[in-house]
Amino acid sequence: MIHTILMAALAISSVNGHMALSYPAPFRASNNPHAKNVDYSMTTPLSGAAQFPCKGYSSDMADTTGAGAPVATWTAGQKYNFTVTGGAPHGGGSCQIALSYDSKTFSTIHSYIGSCPLSSGQNFDFTLPSDAKTGPAMFAWVWYNKVGNREIYMNCASVNIAAGTGAKPAVAFSSRPSLFLANLGNGCTTVEGKDAVFPDPGPDADVTTKLTTTDDKGSFTGTCAPVGGVGGQAAAAAGSPVSGSGPKPGASLGSTATAAAPITSGTGTANSSLQVSTSGVCGENKQTCVGSKFGKCCSKFGYCGDTPLHCGTGCVSGFGQCGDFLNSTEVMTSSASPARRLIRVRRPLW
């Protein structure tokens, strides 16, 4: 009897030992009312490239009235959240969420850099892009744990996107970056003890940053190759923008997660040859972040902001100021509330 109880406890521990997407209910999850072949180990990481995407369950999307039936209906332009549950958050880490309309290509709609997740049942807010295509879509959640074996977790769910209203986004849906992929035997690995800093996290409005260490440079090593045509350096090597209408980086991926700034001339001060950015995009069409409401630093991917990701390594001085983040630490937190808090902690220069 004792042996039976012990084995049952170990079984439960193995199932709940990591983290998984719980809302929206992913393919084959026990809480998905449409699941036909339930996977009771949803919290396990991908075993390798063969399980990408979605633990190998993306084919369920084709069963539109069965296993792939939508579990949620979302309206473009509105705010929503997803929920992560499990027994071991491994010190948090970094997450990305994306939408796919063909089960092959993924457009990132929000990146969470640091503290994702820290506890079971944690909710993460996001705004569904106002120009997201209507109809059936696959919602994908990807997690890189901070502590423990170098792994990648991914769950996907079927959702329905309804037409909505809202301002035209600064970056078109078609220009959003693909998912960042590592730890799949594709040439790059995240570094234990560091929150993965995505080379191209997407538009600044769709990035939540909460770094838990003072220096997360070198958060992955190696050169990331595409997996199933997703991720990798192909887009950057071809000279196309990595994220929307920002400048084209010389290299989007590398051993230190830094990119060469496309333009470095200038003094970081406003002048008559530049226009103050009104969209949060810098570089293209001679737009500068100096004087912009989005922040004074121009990131290596062409977006204005005031965080270390904007003002640190790769910051483009020709279209903004660089280095000023050293006076403070900015922390963006995500909670069940649609509101996002910005906490500024002053620290001495060094």
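Using the three backbone atoms N, Cα and C, a Cβ is placed for every residue, glycine included.
Annotated features in TrEMBL:
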type	residues	note
SIGNAL	1-17	signal peptide
REGION	236-256	region 'Disordered'
DOMAIN	279-324	domain 'Chitin-binding type-1'
DISULFID	Cys297-Cys311	disulfide bond
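Taken through DSSP, the domain 'Chitin-binding type-1' (279-324) splits into 11 helix, 8 strand, 27 coil. The average per-residue pLDDT of the prediction over the domain 'Chitin-binding type-1' (279-324) is 79, rounded to a whole number.
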